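A.B. asks: Structure in structure tokens, see below.
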Amino acid sequence: MKVRVDADACIGCGVCENLCPDVFQLGDDGKAKVLQPETDLPCAKDAADSCPTGAISVEE
């Protein structure tokens, strides 16, 4: 499984980072970055479901 963030869709709200700080971090550009794309996938799925713009995808 892989976790990805669509930087064009990300608005930098920080929901993903708050839910999964080991997986996501807001970068210098204010957009979410994936720190560990293959770690804590249940948490990453929760973040994807909570992302207001649908910028996070979890591919199985």
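Including glycine, each Cβ sits where the backbone N, Cα and C put it.
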A.B. asks: Looking at the disulfide bonds in Swiss-Prot, identify which of C16, C20 pairs up with C43.
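C.D. replies: It is C20, per the disulfide annotation in Swiss-Prot.
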A.B. asks: Where among the binding-site residues C13, C51 do you find the Cβ with the fewest other Cβ atoms within 10 Å?
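C.D. replies: Selected from the binding-site residues C13, C51 on minimum Cβ neighbours within 10 Å: C13.
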A.B. asks: Reported as an integer number of Å, what is the Cα distance between C10 ([4Fe-4S] cluster binding site) and C20 (disulfide bond)?
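C.D. replies: Checking the Cα atoms of C10 ([4Fe-4S] cluster binding site) and C20 (disulfide bond) gives a distance of 16 Å.
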